[in-house]
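Q: Have a look at this one before I ask anything.
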Amino acid sequence: MKALSKLKAEEGIWMTDVPEPEVGHNDLLIKIRKTAICGTDVHIYNWDEWSQKTIPVPMVVGHEYVGEVVGIGQEVKGFKIGDRVSGEGHITCGHCRNCRGGRTHLCRNTTGVGVNRPGCFAEYLVIPAFNAFKIPDNISDDLASIFDPFGNAVHTALSFDLVGEDVLVSGAGPIGVMAAAVAKHVGARHVVITDVNEYRLELARKMGVTRAVNVAKESLNDVMAELGMTEGFDVGLEMSGAPPAFRTMLDTMNHGGRIAMLGIPPSDMSIDWTKVIFKGLFIKGIYGREMFETWYKMAALIQSGLDLSPIITHRFSVDDFQKGFDAMCSGQSGKVILSWD
């Protein structure tokens, strides 16, 4: 079958032919319809330090997808041929304390689709049936293909009560923009997103944020004053991994504020911890999606009117995958969809 693989320990992704995966007793075989390119895939494409330490070569990559069930393991129940599915990209062990306690998103033995095992940038994918999620009929293939990153946004945004709160989102990448849209949709008062990329700030404006602030040109304190905010932000969603953005967030949080961190900062990032202590801030790390509460919330948010369509900016045939990666690497894109039909 046709697949996009990391064939060499150098920059690039290559189209190749690999054997169709075999279906185990507890697995589903999924015929891929559409995939989306993730920032992780760009890291793998660029063969950065993290990729060199993490990715086995050769490896079929990719973990954002929608497809159709075409094969079912003999022990699987609850699925039928033709079901339209996406799937949780974190494969968990099922045996550790967190898995057995229902906190599977915190499994210490997690492996990643398209990172530690073959991914979805292929005509067919095999995953455990436990990881598959049926897509409601009124959700399009395009939206279903970005459920994985949308789930990161939903998990982060819904970590805390947002109704009537003032929310700061640092980082206007696709996940940050989706998190801001979720916050506004569920009843936050002011949702302010910051970045230095004007293209992506404009995407955030299309998604309905209160203010999209280019911090290279505008002071966040001035924006807060303009909005009548006198006590700081109640909730912070840190999506950038940029130390200056996190420090600004700490400066502008209200006392007792709550911060959810999805962005990955440098390991040696320094902050003024007295601000965390004396403001009584609560900081929560976010990894992946809650299984499967986040997935149900994703579907419900879209069904209740949340419009994510502006975040999908580029669509290509998989044969034009290089154009898709070029768009992602340019910084002038939202989500990029590859069609396998």
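For all residues, glycine too, the Cβ spot is worked out from N, Cα and C.
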Q: Taking Swiss-Prot at its word that D195, R200, L262, G263, I264, I286, Y287 bind NAD(+), choose the one of I146, I175, I302, I312 listed for that site.
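A: Looking at I146, I175, I302, I312, the one Swiss-Prot places in the NAD(+) site next to D195, R200, L262, G263, I264, I286, Y287 is I175.
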Q: Among the binding-site residues C93, C107, L262, I286, point out the residue whose Cβ has the most other Cβ atoms within 10 Å, with all shown protein chains included in the count.
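A: Neighbour-count leader: L262.
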Q: Select one residue from C38, C99, I264: among these binding-site residues, choose the one with the most other Cβ atoms within 10 Å of its Cβ.
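A: Buried the deepest by this measure is C38.
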Q: For T40 (active site, charge relay system) and E64 (Zn(2+) 1 binding site), what Cα-Cα distance in Å is obtained after rounding to a whole number?
A: 11
Q: When you tally the Cβ atoms that lie within 10 Å of each candidate's Cβ, which of the recorded positions (H43, H63) has the highest tally?
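A: Of the recorded positions H43, H63, the most buried by Cβ count within 10 Å is H63.
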